[in-house]
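Novice: Swiss-Prot lists Arg29, Gln30, Ala31, Gly32, Arg33, Asp79, Tyr155, Ser210, His330 with the feature substrate binding site, giving sequence analysis as the kind of evidence. Per Swiss-Prot, the feature site 'Transition state stabilizer' maps to Asp79; the stated evidence is sequence analysis.
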Amino acid sequence: MSAAALKNDVFLRALLRQPVPYTPIWLMRQAGRYLPEYNATRARAGSFMGLAQNPDYAAEVTLQPLARYDLDAAILFSDILTVPHAMGLGLDFAPGEGPRFARPLRTEDDVARLAVPDMESLRYVFDAVAVIRRELDGKVPLIGFAGSPWTIACYMVEGRGSDDYRLIKTMLYARPDLLHRILEVNAQATLQYLNAQIQAGAQAVMLFDSWGGVLADGLFQQFSLAYTRKVVAGLIREHQGRRVPAIVFTKGGGQWLEAIAACGCDAIGLDWTVNLGQARQRTGDAVALQGNLDPMTLFGGSEAIRAEARRTLDAFGPVGTGGHVFNLGHGISQYTPPEAVAELVDEVHTYSRALHAK
C-alpha cells in the first residue's frame, strides 16, 4: 500500500521526544458510546462483535471522533479480547454484563491445549487497519493496540471481568507453571498480532495493561512486566520509512514507573493518580509520557475542564527534552457529554501552544 503523506505527525514526534508546536491529544475509547453517531452505527451492525469484525463499520467508528474534534491521532476500533477469541475461548458481549468467555481456562488440560492462533483468523482487524489508513488519507497517525499478556490472561482465566481476581490469583499462587504457560502463549500471540497491525499500516502501537495494578510488588514484575517486555522487544520498530513508537499503559502502575520505562517502550501511559511532573523526574525524560486527566473531569463543566487541562499541562512543565501526549487517565465514560471533549481539545491545543512557544 502506498500510504498518503502524513499531514499531522505531532503525535508521533511527541512520542519520540522531538520538538513539537503544541501538545497533541487523543483519548482512550474516543470512538465509543458517548457519541450518538457511534450508537447509530452499532445499531446497524447489530452487536459489538458485528461492529468490530466488519472492517467498514470499524473504520467508520474509528473516524467518527475525528470528524467532530481536532484530535491528533486515530485509534483502531477493536477490543483487547480479539486475540483470546481467536484462540477459541468463545467471546460474547452480554447486554449490561460486558465481555465473557464461553470456554475459560480452568484446568491443566485447558492450558495445555492453548496455542497461538493463526493470524489469518484476525484478518478482519488488519483489513480494518488498511481501510482506516486509506480513509484517513494522511490526516493523522493511526494507533494499533493489544491487551498485555497479563491483562488478557485475567479475562481468559476468570471468564469475565472480576472484582477480586480470585481465579487467576489462585492459579498464580497454586500453579504458577500454568499461568506462565498462558502468559508465554499470550506474549507470542500479542507480538504477532501487533506486528501484523504495523504491517497493515498502524503507525504507533499501544499495550493496555489494564489490570497490572492488581498485582503485588514483585509479582507485577514477574507476571506482567516480564511478558510486556517480551512483546516490546520483538516489535517492528521501523515501517514505511518511519519509527513506529510503542506505548505501554499500566493502570495502577504508578509505583513501578522506573521499571516500566526500562521495558523498551517509547512512552508510558499514566493513570490520573500519578503526578506528571514527578513521573517525569523519576523517568528522567528517557520516555515520553501520555496522560493523564481524570475522565470524570469531563462532567465538571467548561471552566473545570479547562482549568484541569491547564493544570495537567503545567504539571508536565516545559517540554524541553521530554515528550507529552495529552490523554485521559483511563477510557472516556459512555455518559460523557460530547461537547465536553470539544472544550478539552480546544484548551489543550490553545494553552499548550503558548507553553511550547516559551
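Using the three backbone atoms N, Cα and C, a Cβ is placed for every residue, glycine included.
Keep in mind it's a predicted model, so treat the numbers as computed, not measured.
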Novice: Given the binding-site residues Arg29, Arg33, which one has the fewest other C-beta atoms within 10 angstroms of its C-beta?
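Specialist: Minimum Cβ neighbour count within 10 Å, taken over the binding-site residues Arg29, Arg33, occurs at Arg33.
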Novice: Rounded to the nearest Å, what's the C-alpha distance separating Arg33 (substrate binding site) and Asp79 (site 'Transition state stabilizer')? Just drop the number here, would you?
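Specialist: Their Cα atoms are separated by 14 Å.
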Novice: Based on DSSP, name the secondary structure state of Tyr155 (substrate binding site): helix, strand or coil.
Specialist: helix
Novice: According to DSSP, does Arg33 (substrate binding site) fall in a helix, a strand, or coil?
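Specialist: Its secondary structure by DSSP: coil.
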Novice: If you measure every Cα to Cα pair among Arg29, Gln30, Ala31, Gly32, Arg33, Asp79, Tyr155, Ser210, His330, the residues listed for substrate, what is the largest value in Å?
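Specialist: Site span for substrate, by Cα atoms: 23 Å.
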Novice: Using Cα coordinates, what distance in whole Å links Ala31 (substrate binding site) and Asp79 (site 'Transition state stabilizer')?
Specialist: 12
Novice: Applying a 10 Å Cβ distance cut-off over all chains shown, what neighbour count does Tyr155 (substrate binding site) have?
Specialist: 26
Novice: Measuring Cα to Cα, how many angstrom lie between His330 (substrate binding site) and Asp79 (site 'Transition state stabilizer')?
Specialist: 15
Novice: Which has the fewest other Cβ atoms within 10 Å: Ala31, Asp79, His330, the recorded positions listed?
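Specialist: If we count Cβ atoms within 10 Å for the recorded positions Ala31, Asp79, His330, the smallest count is at Asp79.
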Novice: Take the C-alpha atoms of Arg29 (substrate binding site) and Asp79 (site 'Transition state stabilizer') and report the distance between them in angstrom, rounded.
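Specialist: Distance between the two Cα atoms comes out at 10 Å.
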Novice: Cα distance, Tyr155 (substrate binding site) to Asp79 (site 'Transition state stabilizer'), nearest Å?
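Specialist: It is 12 Å, counting Cα to Cα.
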